[in-house]
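Here the structure is laid out as structure tokens; the discussion comes afterwards.
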Amino acid sequence: MARILNIISSPRGEQSNSIKLANAVIDRLREKEPASFVKVKDLTRNPFPHLEEVHLNAFFTPAEKYTDENRAAIQHSNQAIQEIMDADILVIGAPMYNFGISSTLKAWIDHITRAGITFKYTPEGPVGLITGKKAYVAVTTGGIYSSGDYKSFDFVTPYLKMALGFIGITDVTFIRGEGFAVSAVQETALDTAIDSIVV
Ligand SMILES: Cc1cc2nc3c(=O)[nH]c(=O)nc-3n(C[C@H](O)[C@H](O)[C@H](O)COP(=O)(O)O)c2cc1C
């Protein structure tokens, strides 16, 4: 049985291409392992706050010295990290907003990237501590970034590869749904993306 954590970062519900594509990935994973369990974390319904002073204070305070304020500020970060630890597979939906990820998804990443907890510094450089996980990222875009003039303006896939790898999640497969705003391909964009899924 695989434990799947599905991260949603589009607020568009049933209209969302990244949710549909991520769900298609989950369907394929379930075909392989029917008893898989899926936990859905919709970041748009329960958004993580931008990092504020209270969060940073808590991040850099040892647990044995927590004040009540530290404890309250760090609770959601701890929970988000535990959810990842409890999963075997992450399936992340990532719509492109202004060439990068949404601020909703970025806020979650800011709360799960913690020195001493999900990565550590060593003399050889930083080492990720969340190991043994597989991640699939359903990246959806209005334009086309796999080839052509805009290829170098995709900051979603290189950023997520780096950010997930930094905390130890190095086995990442990107599934690209692209051209949702390009009239020549928008009707077939989702099916093309679903056909490209390999799990
Ligand atoms: C605020 C906003 C910004 C966007 N920025 C871009 C962009 O920079 N490049 C692009 O190709 N598409 C852009 N799009 C289009 C979305 O990436 C595309 O519609 C995608 O399917 C959205 O995913 P979703 O359907 O899961 O919400 C943007 C859409 C929105 C709403």
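Cβ atoms are placed via backbone N, Cα and C, with glycine included.
Just so you know, TrEMBL annotations are computer predictions that nobody has curated.
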Pick from SER9, SER10: which one does TrEMBL list with SER16, ASN17, SER18, MET96, TYR97, ASN98, PHE99, THR140, THR141, GLY142, GLY143 for the same FMN site?
SER10
Mean pLDDT for the domain 'Flavodoxin-like fold' (3-195), as a whole number?
98
